[in-house]
Amino acid sequence: MQDSLTLNPIARVDGTLNLPGSKSVSNRALLLAAQANGTTRLTNLLDSDDVRHMLTALGQLGVNYRLSADRRSCEIDGLGGPLRADEALTLFLGNAGTAMRPLAAALCLQAQDVTLTGEPRMKERPIGHLVDALRQGGAQIDYLEHEHYPPLRLRGGYQGGDITVDGSVSSQFLTALLMMAPLAPQNSCIRIKGELVSRPYIDITLALMKSFGIEVRHDNYQVFYLTGGSVYRSPGEYLVEGDASSASYFLAAAAIRGGTVRVTGIGRHSVQGDIRFADVLESMGATIRWGNDYIECSRASLHTIDMDMNHIPDAAMTIATTALFASGGTTTLRNIANWRVKETDRLTAMATELRKVGATVIEGEDYLTVTPSARLSAARIGTYNDHRMAMCFALVALSDTPVTILDPQCTHKTFPDFFARLSALSTPASPHSAP
């Protein structure tokens, strides 16, 4: 296994990149297809650790699927109803929140004991608000180690009814409830307590459910109404959009060291909120062009911003490293407390690693300020087993300074060939070229 990867200075990035499938869309689509009536063919499926964990779990639960040799398309024979285990079993889900949370809800509709567990970091990622909500609907759930955290033992029992869920930590809790509730015996009315974070991810969920035949009524995202005893219906074919979070690194690279980069597989009508990252780059000075199936970014002089980033929590990390190249002082990212419950505590991790390359950083409870130095320092960047840390800090090589990424394999969670794709668009700086 490769312990580290040193990226030498990059003079220019240019070209077109066809994005890998979206992680958020891939795992939602797999779960809905598995429970739908009929066979679904998913294309442009993401091949990554998170998706492999979901596929393995579905296979253990008796779902039949046929995966293409390149793992980018998959035919799933739907069960025509809720997931079910024939006997007690344990599902290992790695650090895949997009598998853990929805499966925890989905498996409350069947009677066998099912244990959900994962990597050590998964056992540090809170799930208590989801468990509380499921218990309100009758689910029997036990914590096997620490209260409010995986591993969990699920023993069915969810009926429906009036449910209140805290929306302030993770939108994945609401996503999990929304996707399972139509299959419950009774109607569900789901009320949101607190501010709903990452609302665009709920839009992804609602769009996917609609593609599988179920429309959800809601009162301005505060109360959701779901009819129990419903059936998901396969759309036959479903094209997984390119991953908008993954697009952010290449669009930012173009803004810093373009040329022009075009990312294809997403566009102006994407269901993913992270396409709004392009608007943030534009507000920093970059030139953005939109098509139905692409977003294009060209280099411009970048300046600082002060902005609420709650709507694009994953892509906002890319803004933190893009800020190293912005003129005019300090960039401030606000309302990002949910960074702390991701693959690592991303606020602390980002602050720590930005300081290594010479930035002055203030880490607040829910905000980050970044003031770049005149010249970046060469550094060895810790990645905390977090794919997005590795990909964000690759942008440091767009300076006249090399950067070393520790544990580069962590990108396999969502983008296994990220570094090869970046290299293919890059022109290396010659040893004597100006920055």
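In case you wondered, yes, glycine gets a Cβ from its N, Cα and C as well.
Worth saying up front: this structure is predicted, and the values here are computed from it rather than measured.
Swiss-Prot names Lys23, Ser24, Arg28, Ser170, Ser171, Gln172, Asp314, Asn338, Lys342 for binding 3-phosphoshikimate. Of Ser198, Ser283, Ser373, Ser377, the residue it gives for the same site is Ser198. For the binding-site residues Arg28, Arg346, Arg388, Lys413, counting C-beta atoms within 10 A of each C-beta gives the highest total at Arg388. Residue environment of Gln172 (phosphoenolpyruvate binding site) contains 25 other Cβ atoms, counted within 10 Å of its Cβ in all protein chains.
Look at the binding-site residues Ser171, Ser198, Asn338 and count other Cβ atoms within 10 Å of each Cβ; Asn338 has the fewest.
In space, Asp314 is the closest of the recorded positions Arg125, Asp314, Arg388 to Ser198 (3-phosphoshikimate binding site), judged by Cα positions. Long-range Cβ neighbours of Arg125 (phosphoenolpyruvate binding site) (same chain, at least 6 residues apart, Cβ-Cβ under 8 Å): Asn95, Gly97, Met100, Tyr149, Pro150, Val341, Lys342.
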